[in-house]
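Annotated features, as they stand in TrEMBL:
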type     : residues : note
TRANSMEM : 30-49    : transmembrane segment
TRANSMEM : 61-84    : transmembrane segment
TRANSMEM : 105-126  : transmembrane segment
TRANSMEM : 132-152  : transmembrane segment
TRANSMEM : 164-182  : transmembrane segment
TRANSMEM : 188-210  : transmembrane segment
TRANSMEM : 231-252  : transmembrane segment
TRANSMEM : 264-286  : transmembrane segment
TRANSMEM : 307-330  : transmembrane segment
TRANSMEM : 345-369  : transmembrane segment
TRANSMEM : 376-397  : transmembrane segment
TRANSMEM : 403-425  : transmembrane segment
Amino acid sequence: MSGKPSQPQIIATSAAPQAPAVGSNLTRALYLYGGMAVRILSTLALIPLLGRNLGPEGYGIYSVAHMIAMMVWQIVEFGTPLIASRLYASASGQNDRDTALSIATFSRLTMIPLSLAAATAAIFYSEPLRNEWAVIGLAVLLGIQCGMNFGWMLTAQGESRLQATFETVPAVLTLLMCALWVRSTEDVVTAFIIMNVAAAGVNLFAWRHARKHAKHIQLPEGVLADALRKGLYVFAYRAALTAMGYGSAYLLTRHASADTVGHYALADRILTAATGLLQPLTVVLFPGSMRMFAEDPYKASRVYGKIVLKIFGIASACTVAGMLILPYLIPLLMGAAYESSTELLMILLPALPLMALSQLLVQCYLYPLHLDKQIALIYVLSGALLWIGAQWSIPAFGVHGMAWLRVSIELLLASALALSAFVAMKRS
């Protein structure tokens, strides 16, 4: 015995089970990301429904509350739980899968107090939200509920059709409720409470379904500590990513009215949802990516390189189409009160291909090679630049200064990640 802590098997070996056929992988990917697409599209559909009924000011308050929910979600969901998901996806046996399941469960429970502390601090930091305790309290609950989502276990066990159903039900239910009777922020609270109840039932079923496969688990020595260390890196870059997205709207609450925040949040929500719709194309086009990177990083990099270029081209084409269509579509869908939102969207839209490229580089090159520390450093520096720059750009140039700063940071981020991916593949 060397005394080194035993580690879970995370690289596919010759003793590992054979990968499913590509057709099977593709079918699972289509189910999984079909459900995700429905969820993201329902978010897009909520924009005109809530925007017209709440007005720019009410929509601004709702958007910042939603940002806090996303912040809580990032804390609970990413980091160690994501490391556990990666261990589960590349496990070579039942013991490794049981280990990953235990890490995911333990880490989610331990991260909930941290998320509550962060959300409480956010309430006092944001002036427009100090009198909106009902909305913010719900945002915290929503964030925790999202973070406690165990649906990925169904996907890892091949239950992609069931997972797609669970992705779809709460999203469609929320959309229907908002379409039928949401007319104020109080109605939004009620709608999301109902959605939380539905999502809780879904997650309980997923947990019971997955728990049957791991009744007697003993964690190998050192595995949890190693996952916690790596999880901190993953959490750092996901938290910085949140700061560059929803955090931008949140920063405006320090210097601008809720009305102004509503205009920026509308543009940011469209941009974020569009990026979310582009990213799943990678897995649909190239299923089984984790296993290929484990077996042959060079082959994976060549295949992925072509896909990254294709999706970057699609994102660029979507940007051009959006700049032509959205100035006419937004006032039509949202009403005349949102005409000034189109100016901000025209500034932010060029960030769409940059955001897609950044996420693809992480997903396709850096993350499969386990370069968590490098990714975290790049994202944290980019997030810090945004928060520092916002302190002078918002007072000096207003919301337009925030938009231009966001695009500049995304350009720097994409460039840094591209250089890192090139160096990583050279070294591998």
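Along the chain as shown, the residues are counted starting at 1.
The backbone N, Cα and C atoms fix where each Cβ goes, and this holds for glycine too.
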| field | Same-chain residues at least 6 beyond the ends of the transmembrane segment (403-425) whose Cβ lies under 8 Å from its Cβ atoms | value | 244, 248, 264, 267, 297-298, 301, 344, 347-348, 350-351, 354-355, 357-358, 361-362, 364-366, 369, 371, 374-375, 378-379, 382, 385-386, 389-390, 393, 397
| Cβ-based contact of the transmembrane segment (231-252) with the transmembrane segment (61-84), 3 or more pairs under 8 Å | yes
| query | Is the transmembrane segment (307-330) packed against any residues at least 6 beyond its ends, judged by a Cβ distance under 8 Å, and which are they? | reply | 266, 270, 274-275, 278, 281-282, 285-286, 338-339, 341-342, 345-346, 349-350, 352-353, 356-357, 360-361, 364
